[in-house]
Amino acid sequence: MQFEQLAIPEVVLIKPKRLGDARGYFMETYRADMFEREIGSFSFLQDNRSFSAEIGTVRGLHFQLDPKAQGKLVSCAAGALLDVAVDLRTGSPTYGRFVSAKLTSENGFQLWVPAGFAHGFCTLQPDTVISYKVTSYYSQEHDRGLLWNDPALGIEWPVAAEKAILSDKDRKQPTLDHLESAFTYNVK
Ligand SMILES: Cc1cn([C@H]2C[C@H](O)[C@@H](COP(=O)(O)OP(=O)(O)O[C@H]3O[C@H](C)C(=O)[C@H](O)[C@H]3O)O2)c(=O)[nH]c1=O
């Protein structure tokens, strides 16, 4: 299992080892010892799965406020998606910047998105299933969002705004300049 820090080093791309044989393949997709060594000690309280039927479905950008902020370990169980994380930690040298990774059921790659980041994705194939573990329970009261295609973020989504499939909620999320300060950056 390889752990690769992205341009925002707290966001980590995890590449499980694929062991192939005549039947197909086997992957260890999570090892607490390796995760703790490479990223830190977290307990995952909830597993989520969502199915998106169409290419160009965008879910996000979402986050939960403290004390229900969530770290997310994201993978693609079917199809393919572009996964995106945006740094929302006030005082961070990368505040407002994003990193992204292509997660597919074929590559088995995972993205670790820490608390303090907004998370979202766009499907790249029909019938895409995203599967993710989170470190805090869902709390509608603490659920917040950021407008997926806020020009200030500069995210080059693989779908045009007029073709994207979004929830009504996500069409109306605030832009970064209208976002209340949600998280603070703790210098290590
Ligand atoms: C997230 C969540 C939602 N729900 C309920 C609330 C709604 O009745 C329904 C759909 O929720 P929502 O439209 O917020 O689902 P997504 O648009 O897929 O939201 C997710 O998308 C992005 C990618 C994320 O990172 C978050 O985990 C999450 O916000 O499921 C629950 O019951 N539990 C939950 O943990």
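Cβ coordinates come from backbone N, Cα and C, glycine included.
Just so it is clear, the model here is predicted, and its values are computed rather than measured.
Less than 8 angstroms from the CB of HIS62 (active site, proton acceptor) sit ALA118, HIS119, GLY120, ASP143, ARG144, GLY145, LEU146, each of them six or more residues away in the same chain. According to its DSSP assignment, HIS62 (active site, proton acceptor) is in a strand. According to TrEMBL, the active site, proton acceptor annotation covers HIS62.
In the three-state DSSP reading, TYR132 (active site, proton donor) counts as strand. On its own chain, TYR132 (active site, proton donor) has ASP47, ASN48, ARG49, LYS72, LEU73, VAL74, SER75 as residues at least 6 apart in sequence with a Cβ closer than 8 Å to its own Cβ. Among the features that TrEMBL reports, active site, proton donor is placed at TYR132.
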